[in-house]
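**Q** If you scroll down you'll find the structure; I have some questions about it.
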Amino acid sequence: MLTGRNHALAVLPRMLAAGLRPTRFAFAPLLSLPSLDLDHGIRLHSLILKSGFLHADPFSGTALLGLYARNGRLDDALGLFEEMPTKTVVTWNSTIAAFSRRGFVEESMFLFGRLLGTGMGLTECSFLGVLCALRSSDSLRCVEQIHGLAVKTAMDSFLVVANALLNALSTCSGVHAAERFFNSLQNRDVVSWNTMMTGFAKSSIPERALELLSAMHVDEVSPSGATIATVINACTCFDSAEYGELIHAKAIKRNLDNDMFVASSLIDYYANWKRLQDAHKVFDELPVKNVVCWNALISGYSKDDPPACLVLLKSMLRSENRPNELSFSSMLTRMSPAELQQLHSLIIRMGHDNNEYVSSALIASYDSPGSSSDASSCVKDADPVATSTARSNATASVHNRAGRYREAQELLLRLQTPDTTSWNILLNACARNRGYSEALLSFKRMQSSGHSIDNYTAVSLVSICSRINSLELGRSVHGLIVKTISGCMDTFVCNVLLDMYAKCGSLEGCLKVFDEMGDEKNLVSWTALVSGLGLHGCAHEALARFQQMESAGFEPDRVAFLAVLSACRHGGLVEEGMLMLESMKSDYGIEPDMDHYVCVVDLLCKCGHLKKAELVISGMPFQPNAVLWRTFLGGCKTFGGLLT
């Protein structure tokens, strides 16, 4: 039996056989069929050329251009576009959108500028097409230009354009700029509100998403399933589960709890709070379940109850839903060796073994503790030309964790199309193998190949600066980080910068980074500052900062106490050091380990308190090691062996 597509294609040769000449309207409907494959499209291209419609009229050419764009043949699409003597604004919009959807910002903006220069006039689709490409802070200037043009041409009065601008501003400039534009809009629909809530949900102030949900009644706009799902996702950042429960109740009240987006978000939400029974209850109450809901539940159980994942997968197989690559990827992390072998067999049987994400997860699973199989056996061909980039990245990560840094480097250097992850793993491998010059050369190659640095790149580069003790290079890297990823720089990157400045001799730089972190500081940040102050002989200020950290609500751990004890050692603060050792045990219930005792004994010995040092050693709950005895004997030698 012929399908609709095949039937439509079968009519055309019958029409030609009957001696009927197709008109200019005959080809566009066929070329616009979503299910039309590229081979059939190329045959129609030949027929269009033969019929003379490509140069006589833009209708068929525009439809053909759209087919090439859908199949990723942008060079063919652009070549066809340039060949067309007559172009409509639809032709221009289709070409702009083709490059925009693939993220080619410069090409999209160039074509948009050419369209503007024709004087043909812009439509809503012209703006929608080019705005689709603007997805990062690097595109902020382009967004501002498009925004100004939209205001000048009054296109911002079209709600669909305004919403696209709102999304671009939120993505490229941040939620505060987007909120100013949002507040200036005279007309807003549910898409406007959802876009704004999504921006806040991904920001450092997710609570604003809840406030916007409460304010929607101002525009008499009712929340959609996407609205509720977005706010639920925002609730995962809060300290209590009660906010998500309130949104769940609101969803039930509005009969949105059976919406697939809402249900999958709720399942994921409750699973994140380790409330698997509640997650399962949401799932069980769904009248219709899709693969997204199944995946959300499986992912939830994978974190706390891996064996239950296999039971769920079997139930899923018995249902009408077929597992996809995400179903398997989320399960593979904590499987036992026997379960992993079963799952691997099922993956092969269902044809997902060639999927990059699944194969990468398999490699990582086989490399996990307790597995007797070789992770690299999951890669069918050792040749990186035949192996996907993702799988090569996963295999290189395995080599890194096993200390096979040279193997990781060789694998990644042979890749034809390395991505940012590949470069980051390569930098890490070079650094861990003490190949610091190689790492810096690899970074230059990464930049020249057009890859932007991310937080992982930043951490590797700053760590290298610390290891080679190069303050000048560290400052240069810091400047590059601020210039490229300052809006996305996380606390971990800042902590590594703190450590770098302290170890490279710039206490001023360390303090500056710490002060600029604002509310993003964590325990590691405070510890790095205390350690840096101690290294630079500022023992009293280190103690003051330690107490300030406690006042701010951070409970010190073993590393934090080691940092403050080291500061006391550097400053010769015997009484304060002994009080810190006692506080460690009495106030925080942390039993000191060998490093803490070595630090205290060194402090006492350097200040001549050999008798106290002997008492500390005799009171230890474990036997002294060679380092501690060496420290004590060094003190005895300095002070003539007299016990004071």
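From the backbone N, Cα and C atoms, a Cβ is placed for every residue, glycine too.
When I checked TrEMBL for this same protein, it listed these features:
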REPEAT    57-91  repeat 'PPR'
REPEAT    189-223  repeat 'PPR'
REPEAT    419-453  repeat 'PPR'
REPEAT    490-520  repeat 'PPR'
REPEAT    522-556  repeat 'PPR'
**Q** Which residues of the chain, 6 or more past the ends of the repeat 'PPR' (57-91), have a CB below 8 A from one of its CBs?
**A** 24-25, 27-28, 31-32, 34, 36, 38, 41, 44-45, 48, 97-99, 101-102, 104, 115, 120-123, 125-126
**Q** Provide the three-state DSSP residue tally for the repeat 'PPR' (522-556): helix first, then strand, then coil.
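**A** Its residues divide into 26 helix, 0 strand, 9 coil.
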**Q** If you average the pLDDT over the repeat 'PPR' (490-520), what number do you get?
**A** 91
